[in-house]
């Protein structure tokens with residue numbers, strides 16, 4: 001028997017590291033060694049790939065990739081609909097890190113918060129979305145898929161040939177996800193485009209509007225979601241902006257968390273966190289508006305009386321508030337038929353599909369990641385039937401839900417359309433998974449230039465000996481000050497963990513607790529007009545009618561302990577938590593910017 005060779009501790013450590021990497025199936029490059037949380041592991045050599053195995057043309061990063069262990073028992077691939085973005089080069093990441101350390105933050109004017117859709121998407125340019133190429137029933141499935149792959153590669157080539165990577169925003173490079181959109185549009189009678197009211201221009205691609213209303217001849221309903229996170233005057237201003245530029249739109253205001261009008265909703269107010277109990281989903285604002293829009297579109301071709309009766313039952317149940325537990329609520333409500341679509345259902349059906357077949361209207365829900373598509377379906381159903389998460393890309397395949405026997409909802413995975421938006425704004429819009437960001441500091445700087453983060457969070461400059469003295473801030477200083485305030489330290493050297501602090505600040509922004517709201521063009525000059533508009537007062541009253549009046553709702557002062565922060569950083573599903581959270585304003589600080597301070601009620605020793 002050969003003699004055993006010595007095996008050092010260093011070799012054993014290396015062996016365990018390699019084993020962990022193989023087990024996790026890390027397809028992406030690891031974080032840069034300069035990250036405070038990534039330790040000494042070097043990032044792997046960048047891999048290039050495309051969504052369907054065609055010739056390698058661009059650097060692709062697959063987000064939230066799971067270990068490759070083959071197909072599941074039902075042939076399900078968990079990585080099939082993962083987000084695929086163009087990878088940032090190492091040079092670009094390092095350049096942005098240097099800028100975060102060197103560039104002094106300068107507050108921007110209110111006019112700089114105004115976004116015009118013409119500047120974001122440039123309608124008529126190559127910033128389109130991929131269309132399904134022509135096909136016939138004589139083609140085999142393999143021929144059709146090969147044709148779609150070639151067409152998709154040509155689509156990517158046109159975009160990357162017209163714009164540089166630095167100018168382009170993140171957008172979806174996964175053909176499988178675009179196929180989901182094609183199928184949803186083909187099977188839908190009415191299309192809902194869900195947007196976030198804080199930045200609806202970001203989530204509204206004009207190319208999709210032209211395709212749905214023009215080529216397909218379908219009705220498009222624009223849902224301005226999360227209206228509780230923006231001042232009512234701004235909501236009304238955005239509604240009129242889209243009506244003016246896109247007259248064929250049907251616009252609906254929606255939120256799953258309507259606010260109590262007894263508390264102020266002005267920007268700059270302090271937030272408390274409240275937990276929705278019992279029939280929380282039945283308090284959604286907007287189902288009645290959506291029903292009226294669908295009635296105007298179908299003009300009597302579909303019997304929607306059962307939907308109206310359901311809304312009346314939900315409103316009555318929410319007003320009584322006689323159910324205290326979520327389990328009782330789910331047992332008490334009628335069953336919802338859920339159909340998970342398979343590959344056979346993804347086969348093309350042709351543009352000549354019969355509308356309102358068998359007296360059923362199919363409503364397709366499309367939009368960007370993290371705009372609240374799944375929450376909207378939960379709000380329409382009246383209870384939780386769809387898993388929701390703060391992490392974009394959570395919906396991995398589309399399912400259909402029968403709201404009533406004559407109304408079918410279809411949930412599509414989120415899609416990012418190509419645009420010219422700054423990538424920092426996309427991160428703040430929740431489009432890019434925060435846990436996967438290689439360089440979060442410039443996004444924090446983008447936020448701090450538009451809302452007074454340092455004042456709202458009572459941050460002290462890291463180099464300031466005198467708290468009353470003025471010091472120039474850079475993005476790195478903001479992150480370091482927040483790490484010092486929260487006690488975020490690295491494991492070995494106990495330095496301020498600026499990477500974790502930056503992620504924490506970005507999560508506060510995405511969750512709406514540091515709310516950055518963009519404005520339509522001309523809003524700054526006409527702000528007083530919109531605040532006194534009749535629809536603004538009507539919106540405030542409508543939120544009051546569905547607000548917390550007698551239902552079980554608990555409010556707790558937000559202290560954001562380290563343990564609570566860790567739960568947020570793990571991106572747990574709302575299903576696992578068993579209850580939803582919303583932020584409730586409690587006082588107005590008079591700030592002119594749409595930012596809320598959840599820490600103003602805390603003393604120095606409590607932070």
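Placement of Cβ uses the backbone N, Cα and C atoms for every residue, glycine included.
Just so it is clear, the model here is predicted, and its values are computed rather than measured.
Quick look at what Swiss-Prot lists:
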COMPBIAS  1-14  compositional bias 'Basic residues'
REGION    1-81  region 'Disordered'
COMPBIAS  15-26  compositional bias 'Basic and acidic residues'
MOD_RES   32  phosphoserine
MOD_RES   33  phosphoserine
MOD_RES   34  phosphoserine
MOD_RES   48  phosphothreonine
MOD_RES   50  phosphothreonine
MOD_RES   51  phosphoserine
MOD_RES   68  phosphoserine
DOMAIN    178-418  domain 'CP-type G'
BINDING   225-228, 367-374, 411-415  GTP binding site
MOD_RES   324  phosphoserine
REGION    544-607  region 'Disordered'
COMPBIAS  550-585  compositional bias 'Acidic residues'
MOD_RES   561  phosphoserine
MOD_RES   562  phosphoserine
MOD_RES   563  phosphoserine
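This view paints the features noted in Swiss-Prot onto the structure.
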residue: 225; record: GTP binding site; DSSP (3 states): strand
residue: 369; record: GTP binding site; DSSP (3 states): coil
residue: 411; record: GTP binding site; DSSP (3 states): strand
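DSSP labels the residues of the compositional bias 'Basic and acidic residues' (15-26) in these numbers: 10 helix, 0 strand, 2 coil. Look at the Cβ of each of the binding-site residues 369, 414 and count the other Cβ atoms within 10 Å; the largest number goes with 414. Of all Cβ atoms in the protein chains displayed, 23 besides its own lie within 10 Å of the Cβ of residue 228 (GTP binding site). The DSSP breakdown of the compositional bias 'Basic residues' (1-14) into helical (H, G, I), extended (E, B) and coil residues amounts to 6 helix, 0 strand, 8 coil. With a 10 A radius on its CB, residue 225 (GTP binding site) counts 28 other CB atoms from all the protein chains. Over all protein chains present, the Cβ of residue 411 (GTP binding site) has 21 other Cβ atoms lying within 10 Å.
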